[in-house]
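> Please see the structure below; I have some questions.
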Amino acid sequence: MFTNILLKRAGNRALDVNPPNADIHLGRWGSDWGWVVFCVMAASTLGLLVWTFILPRKRRTFHYLLTAVLAISTISWYSQASDLGATPITTQFLHNSQRGGGYGGYPTRQIWYSRYVDWTLTTTLLLLSLLLITGLPLSIIFITLFFNILMIVCGLLGALTRTRYKWGYFAFACAALGYVLYHVFASGLRSSRRLGSRFGRAFLAASLLLAIIWPMYPICWGLSEGGNVIGVSAEFLWYGLLDIFSKPIFAFLFLGMLKKCDYGALRLRSGKRSEEDSDVHEPRRENMEKDHERIGSLPDHNADDSNRVGTHPAMRASVGTTQPAAGVPHTLVT
């Protein structure tokens with residue numbers, strides 16, 4: 001009996017502590033799967049942090065970006081597995097669901113807004129890390145990131161809409177996704193190859209992975225938040241697999257292919273000295289300051305010469321009638 005109590009306490013009690021707030025809600029096995037994804041994200045974050053700190057500072061740029069991606073996703077899946085970060089929205093279609101307490105007697109379904117906060121941040125960082133290994137101008141990078149954010153916002157607005165007008169937002173999101181993928185392949189792939197074959201191969205592999213995984217998100221959206229065809233736990237299973245492929249697997253694949261690339265070709269400089277540069281240049285700067293102080297403390301011989309010229313009548317006359325050539329310093333011999 002005591003063993004049974006311990007096993008019960010050791011189990012997943014998230015749904016007991018945080019009861020579902022909708023008719024169609026997360027089940028026990030869906031929450032268990034959410035914790036599995038959380039552990040994958042957390043372990044990947046820690047592993048990438050360790051990898052980052054053993055690298056030279058000048059090679060940490062992409063590791064920092066992708067560490068942020070994994071850290072955000074870790075917190076997001078913690079919230080989802082805990083049955084937090086969701087709001088009830090009346091479904092448009094009944095399908096096999098029973099009548100509920102939503103508008104017109106239709107059931108309500110949990111919509112995970114925390115997931116969209118995650119996607120807004122992480123997809124932008126994923127795209128940024130990918131586009132930084134190209135020679136694309138900042139204008140194209142910024143507009144690509146903008147349409148990526150627009151895609152996620154439209155998905156959220158559609159999920160929060162109970163009527164058929166949600167499909168308008170869905171169409172906008174799909175159009176934005178198409179625009180993003182167009183710039184990735186039409187502009188980014190060609191530009192990355194100009195920086196070297198290694199950058200070109202890394203960009204091709206990473207962009208192909210995203211091009212395969214990202215279109216599956218709107219398919220899952222249409223079957224879950226949009227059409228209410230599958231349950232919330234099945235939705236968790238689908239989105240969890242997609243997140244694992246598009247975040248930790250993408251991160252380690254991408255960074256592994258960049259391992260032998262020359263980051264100097266990317267010119268990723270902020271214009272400020274790094275800590276290593278400061279250590280090198282600080283002694284030189286101190287020596288220059290000492291030289292300036294020593295020069296400033298020396299007597300001004302030119303001033304003494306001028307004073308002597310000013311007190312000698314013959315020299316005063318010669319100075320008043322003689323003009324030196326332009327750019328040549330005054331030299332007087334007494």
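Residue numbering: from 1, along the chain as shown.
Cβ atoms are placed via backbone N, Cα and C, with glycine included.
The following feature annotations were taken from TrEMBL:
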COMPBIAS  274-307  compositional bias 'Basic and acidic residues'
REGION    274-334  region 'Disordered'
TRANSMEM  33-55  transmembrane segment
TRANSMEM  62-79  transmembrane segment
TRANSMEM  116-133  transmembrane segment
TRANSMEM  140-161  transmembrane segment
TRANSMEM  167-187  transmembrane segment
TRANSMEM  199-217  transmembrane segment
TRANSMEM  237-258  transmembrane segment
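Explain the structural surroundings of these features, please.
If one looks beyond the transmembrane segment (116-133) by at least 6 residues along the same chain, the residues whose Cβ comes under 8 Å of a Cβ in the stretch are 61-62, 65-66, 68-69, 72-73, 75-76, 141, 144-145, 148-149, 151-153, 155-156, 159, 180, 184, 188, 192, 195, 199, 202-203, 206-207, 210, 246-247, 250, 254, 258, 261, 266, 268.
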> If we skip the immediate neighbours and take only residues 6+ beyond the ends of the transmembrane segment (33-55), which ones have a Cβ under 8 Å from one of its Cβ atoms?
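Result: 12, 14, 26, 63-64, 66-67, 70-71, 73-74, 77-78, 80-81, 233, 236-237, 240, 243-244, 247-248, 251-252, 255.
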